[in-house]
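Taken verbatim from TrEMBL:
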DOMAIN    7-184  domain 'Nephrocystin 3-like N-terminal'
REPEAT    552-594  repeat 'WD'
REPEAT    595-627  repeat 'WD'
REPEAT    677-718  repeat 'WD'
REPEAT    719-751  repeat 'WD'
REPEAT    871-891  repeat 'WD'
REPEAT    901-935  repeat 'WD'
REPEAT    943-984  repeat 'WD'
C-alpha cells in the first residue's frame, strides 16, 4: 500500500464505486461480477489491496491466487478461507458456522478430506448465509464484495478449478454479495461467467502511463528531484519507458532511486540512464550483484534453481533437505535473494512474480550465465526425493545413491518427496526408476492413506506410453477411485482384484509386464499393511487391461439415457429411473452436478450445440432445460398427456421430442411449440437430429423409419425398416441412418437415393441376440458423423449385454468391447471414439476401445431376472433359475454354464441341492416340483399335485424325502426315490406357505406369509407347535430362517434392521436383535404407518428399504446369526444379543448360503477388527472355501476371498 501515490489508480476506484452502486429495483445487483483485466505486471494485486483498505466497508473476504501454490489454486481452501473471513465480520453467520462445526466436531483437516467442493460451499457458505435476513429497506441496503485476485494463475493442465467453482456455485450466494476478479486479458474468463452479467474494465495504455507519471513525479519530488531541475519531466518520461508500462518494475526502480538518494547525493541524469531498461535487464543486473561465485557452487543460485523448478512453493525445510545445506546457510541465502523470493506465513518460498521464473527458464536464453537447465535441477530433485523416502522407510528395497542420515526427515519434507518423486523422475527421463516407485507397495499405501489416490493415477499416466505395468496400475487405480474415496485401505484388495487377469499366464510363458505385475501382487500380499483386508484370487472385477477405464457411480437406479457433450470437454449427461439427471466428468469420474426436478424416470437427455445446456425428458411429461454449468433449471416445457421418451437437438434453439405417435418441435427462443410432425401410427421411440441441417430421423413402435424436414414440417421419406419396434435411430452421415429394433437387427439405410418401395432394403445388416433363448427388450445404437464405426448395445445369447463396435461400411464387427451386467444398456459414442454405457445397477462405464479385452470370469444368467440361486454343498456347483423357465448349472471357478435344464413351464421360485450335491430339486410357478440328476443332466421326476405356485423346498437330512410349500396353503412330503407324494400337511389358518425348513430333529417348520409358523413331526405328520402371534408388527416378513435344531425361528423386519428370535416350544419371542436404535425406529415407523394412508405407508416403506432385513443365516451350532440389509451385513451373538461385527454391503437380493459349511466363515468374520471388506450387491457364501459371489439381477461374479492375518503372507 505504501507504493500507491495519491491520484494513481483512480480509474479503478471509480469503476468499483460505480459498479457497487448499481442496483435493480429489487435491490439486487444487475451485475454480480466485476472483472479487471490487465496484462501481467500492471499492478492488479496492488489495486485489490487498495480496495481492501480504502473500501473496507464493502469487502467481506479476499483471496489471492498463485500459480506456484496448490493451496491458493484449490477451491476447497479458498471456500474455507472466505468462510472464515466472513465469520469475522458477520456475527450471525459466525454463530451459524460455529453450530455446524461444534455439532459435527469438524476440523479443517477432516473438512478438506471428507467434503467435496459442493459440500463445502453448501454447508459453510450457502446455507449459513441464506439464514441471514436481508435489509428491510433500500436505505439500509449495502452491497458486500469478495475479492479474488489473479484468477488466471489458477490455470493448470487446461483447467481452472477456482473459475469452475465460481461459475457453478457462486450464483447461489445471496444477492447482496458480489465478486470482484482480476485476470490477464488473454484468459477467456468473461465468457464463462455470462450468467452473472459481468462488468469488466481493461485499463487503457494512456491511463496506465498517466498513473506511472504521477508515481515517478511524486517520487522524484519527494527525493529532491534531479540535479538539473528542468529535466524532471524528461526524467519521468525516461523512467516510464524503462518500465515498459509495468508497475512491478516501477516499484523496483523506486527502490533503486531511493538507494541513490539515501547516500546524500542528488540524482543525476547519467544515473537515470544507467538504470536497467525493462524487467529482464533488471533481473540480470541484480543476479550479477548477488551471485558473485561460480553459479554451480553458489548457495543462492542453487536455491533460485530449486525454487523456480519446483512444482509448488517449497517449504524452507524441504529446500534445506533437497539442497543438503545447513540451516544457517539457507537463512543467509534467502535473505540475499529477498528481492526475488518471499517466505509466507507457512514458511514456503514464493517467487514475487511469475515473470522471474519465465525469464530464467526461457529456451532463448540457454547460453546466458543465468539460465536454469530444468532437467538438471529435476535430476537433483529426483535423487534427493528417493533418498528422503528411503530414509523415512516409505520406499522398500530400493537402492539410493547418496549417504543418507539415519534421522528421519520432517513430515513436510517426507510429504513433498512422497507426492513429487515420480514427477521429478519422469521430468529427468528416469522412467525405469519411476516405475520402481509406482510398483513399491510402501509408496502406494502411504500416498493412498494421505488421501491422494488421484495423484497416483496422474503419476501413472506419466508412464502410460512408456511402461505397460505402470499404465495398468494407473488403470486399476482409476477403476478403484470410488472405493478409495470411501476408504483408502481398500487399495491392496482393489489392486489385486483388478490386476489378476494381467498375470494369468503360466510362469513359463509370462511376458515381462506379467512378471512385473505378478511380483507386484505378491508384494502387496506380503506387505504388512497394519490392518486386515480381503484379497480376491479370481479376476472378476473390471480388469485394468479391459476396455472399461472409469466407473461412474451415483445413480440409485438403472441408467436409462446418456449423452456426450459436444464441446470436446469429455462431460457426460445421464438420466436415470431415480428421477435425476447427472453431469459427470469422464476424466476424473466425478459427478459435477445432480439435477433434480423430474417427478418420474428420466428417459432421454441431450446437449445444446454449445454444450451450455442439457435438455431432459421423462415420464412426468415435461421437458426440462438445465444450465450445464451451474445446474439451474432454466425452463420447464412440453407438458402433455404423454411421457417424453426421446428428444434431440441440432445447432439451433429447437428441441425435437416424441409426443405419443407425433413429434413436437419446441422453440427455446420463443417458448412456443412451432408445430408437430405427424405420420407414425404408434409411439415414437427414438429421434436423431442431423447437425447443421434441418433433417430429423425418427423410429417408432410401428417398425417404420421416417426422415423429416423440421424447417417446413414435412416428411421427406418413410419406410418400414424392421419387423419390430424401432428402439434406436442415429445419423451416421448426411445420407446414412443406422437403426436398431426388437427384431434383433441393426440396419444401415441410404436415405438419399430414391425408392418407390415402402419396404426399403438396407445397405448393411447385423444380427445380434441369435440364441434361441434370446430376449431383446431394447437395443441402443450410437454414431458420430465421420466415424466408420457405430457403437451398439446388444444382447448375447445368455442375456448379458455386449457393447459392440460395428463397421457400417464393411458390415463387420470391429470389436466386442465388454459384457455388461443387467438389462439396461443405453450408450453414447464420443467424437474421440470412447463409449459410455449405462447399467441397471445405476453405474456407468467409460470404455476405451483401444484397450485389450479379456473376458471376465462372470456368470451371465440365462434370464432377465433370476428368482433363485443356490450353492451345492460341495461348493463346486451353482444353480440359478429365473423368468425364462431354464435352470442354469454353473462352474464357479471359470464362470461356464455347463448345463441348462429345461422343462418347467414357468419361472422357478426355489432350488435346493441334496446333501451329496448329486440331485437338484426345483419349484416353479407351474405348480410342479422337479428332481434333476446333475451328473446325467436330466429330470428324474416331475412331482405334480400342488394346485398353486410352489414357493419353497427343503430336503430331509438323509436326502430320502423332499418337502415343498405352495400358495395352495399346503406342504407336501415326497419320496425322492419314487416321486410319490407321501403326506400332505395343511395349516390351520389356511394361509399360503412362504417358508419351509426340515430341521436336524426331523421337524418340518412352515411359515405362512410371515405372520404365523407351524411345526410338524416329519415322521408322523402330527402338528407339534403353532406360533399364532405375528412375528413382526409389519405383517409380512419375508426373511425367515429356522435354527438347525428346529427350536427357534429368526424373523427379520421389513421396516427396520430388527430380528426377533422366537422359541417354537414356548411360542414366544425370546430375544430381539437390533442395531443401535433400530428397535425404537421400528416402533416409530409402525406408528407412522398406522396413522397414514396406504399411499403414505408405501412411501415410508420405500424410505426404510435400506435397513430392511433381506437375508438371515444360522451358524452350524446355532450360536451366531448373520443378517443382511442393503447397507451392511451384521453378525450377532444370539445368546447375548450383541452385534459382534458389521461389514459393508451395497445391498440387493437376500443372501443364499451353503447350509452346512458357512459357520467357518461366520466365525472368521466375527474375529476381524474393522475390516475393509468388499462392497457387494448380493452375497452368496460357501464357508470352508471362503468363496463369495457378487450378484446382480441377471449376472453373478465369482471370486474367492482370503483373509490377511499378518505381514508374513499367511492367509
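Each residue, glycine too, has its Cβ placed from N, Cα and C.
TrEMBL labels come from automatic prediction, so no person has curated them.
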Interface-richest range of 552-594, 719-751, 901-935 toward the repeat 'WD' (871-891), CB pairs under 8 Å: 901-935
Residues in the repeat 'WD' (943-984) grouped by DSSP into helix, strand and remaining coil: 0 helix, 24 strand, 18 coil
Would you kindly list the residues that approach the repeat 'WD' (943-984) from elsewhere in its chain, counting only those six or more residues past its ends and only Cβ-Cβ distances under 8 Å? 906, 909-916, 919, 921-925, 927-931, 990-998, 1000, 1002, 1004, 1006, 1008, 1016, 1018, 1021
For the repeat 'WD' (677-718), the mean pLDDT of the predicted model: 90
The repeat 'WD' (719-751) resolves under DSSP into 0 helix, 22 strand, 11 coil
